[in-house]
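Annotated substrate binding site per TrEMBL: Arg55, Gln75, Arg80, in sequence order. What TrEMBL records for His153, Glu256 is active site.
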Amino acid sequence: MPAEEKDKVIYVSHSSGASAEIALYGATVTSWKVAGVERLFVSEQAIRDGSKAIRGGIPLVFPIFGTKENIQLPQHGFARNTYWEYVGLITDNDETSVRFTLKDTQLDSKLRNGWPHSFRLTYTVTLGEKSISTVLGLKNEDEDTFEFNTLLHTYFYAPNIADVTVNGLKSLHFIDKVANGAKESESRDQVTVASEVDRIYCDVPDHLQVNFGKEYSISVEKTGLKDTVVWNPWTDKAKAMGDFGDEEYHNMICVEVGSVADWVKLGGGKSWSGGQTLRVL
Ligand SMILES: O=P(O)(O)OC[C@H]1O[C@@H](O)[C@H](O)[C@@H](O)[C@@H]1O
């Protein structure tokens, strides 16, 4: 799996023809193509100059989800809007991957003061013929325990949102952010989107499937992560976002695996890891 760096983007290709692109800004996966078809959504209005998190692909949410009253960090933390270091190609267990790291010492002082802990994040992206896996590792380099949230904020490209269904969420409890955080339970076998959706499904089984009409499906297999957020801004929120086209909500769905409903506690000197594998079916 060759990889090359150009203008702060890592271009990865697989012998099958599959490809991926990862921006060093946020270690954001901004393209994943299988059989010549783009599977991720990136807004045409996305800002890619490093002044704002990239609107699309797979931004990394860490160490907070949303905003927190007592933590002075931007929405969704700092991982998606900081330049990561490219470590290079890593060969592990007969697989080849590209790896990125982010340490507290790479943060500017404002962000570092907002979350004053010593840590090392490692992000490993592995491209297969029909799959991509993105795995986050974290080492607490402090002596004391710290707590964090994290999320792989995957934006899938959808040929038409009207045809999209998500399987595997039935009977799960969810927090409905559109209804002021009301706690509900999912009654549908297949979740569809026909209005603004912003839900945190809690304690989700590790396997979900997103179907894009008759065209194809993508399985989402997570490890080490408890929850799944489903998000589509729909009409009004789309208009309110400066880096998102007014009509682009027709062509995306975010299905985001993470641990966000509760804090994850990590003891001093300890390591943690969580990730996902997406596979075109
Ligand atoms: O605009 P941002 O900061 O990228 O956030 C996008 C969305 O991210 C989702 O994960 C949240 O559940 C939404 O509430 C939020 O609107």
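Cβ atoms are placed via backbone N, Cα and C, with glycine included.
All features noted in TrEMBL, drawn onto the structure.
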residue	record	Cβ neighbours (10 Å)
Arg55	substrate binding site	23
Gln75	substrate binding site	13
Arg80	substrate binding site	23
His153	active site	24
Glu256	active site	23
Quiz item: Just checking: which of Arg55, Gln75, Arg80, His153 have a Cα that is within 10 Å of the Cα of Glu256 (active site), counting only these recorded positions?
Solution: His153
Quiz item: Quick one: which of the binding-site residues (Arg55, Gln75, Arg80) have their CB closer than 6 Å to ligand 1?
Solution: Gln75
Quiz item: If you run the three-state DSSP split on Glu256 (active site), which class comes out?
Solution: strand
Quiz item: Could you give the Cα-Cα distance between Arg80 (substrate binding site) and His153 (active site), in whole Å?
Solution: 10
Quiz item: Roughly how many Å separate the Cα of Arg55 (substrate binding site) from that of His153 (active site), to the nearest whole number?
Solution: 10
Quiz prompt | Alpha-carbon spacing, His153 (active site) to Gln75 (substrate binding site), which is rounded to whole Å | solution = 13
Exercise. May I have the list of same-chain residues other than Arg55, Gln75, Arg80 whose Cβ is within 8 Å of the Cβ centroid of the recorded substrate site, in sequence order?
Key: Lys52, Ala53, Ile54, Pro59, His76, Asn81, His153
Quiz item: Per DSSP, to which secondary structure element type does Arg80 (substrate binding site) belong, with helix, strand and coil as the options?
Solution: helix
Exercise. Measure between the Cα atoms of every pair in Arg55, Gln75, Arg80, the residues the record assigns to substrate, and report the largest value in Å, rounded to a whole number.
Key: 13
